[in-house]
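Take a look at the structure set out below.
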């Protein structure tokens, strides 16, 4: 594979990863009912969330460990894809692994 093809592949994959909506951190309000985004009338109406102020940082500190433990399926797939691509790009052209 030519260097320009590798660069194009890396560019396309990086654009796909950065444009993906799955990267956005979402909170399930059924699970985290006291999260700042899930509080009040604005959250119940589904409109734009209101800024909660000083307690938002404290609430995020409490919910972040739970959010990290529930890694989305898309994130795992993208991580696996990036490992495969790193392995593919690290081998010189024409070199393949041989299994005995």
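Glycine too: its Cβ is placed from the backbone N, Cα and C atoms.
Swiss-Prot lists 1-24 with the feature signal peptide. As annotated by Swiss-Prot, disulfide bond applies to 29-38.
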Going by a 10 angstroms cut-off between Cβ atoms, which of the disulfide-bonded residues 29, 38 has the sparsest surroundings? 29
Please state whether DSSP places residue 38 (disulfide bond) in a helix, a strand or coil. helix
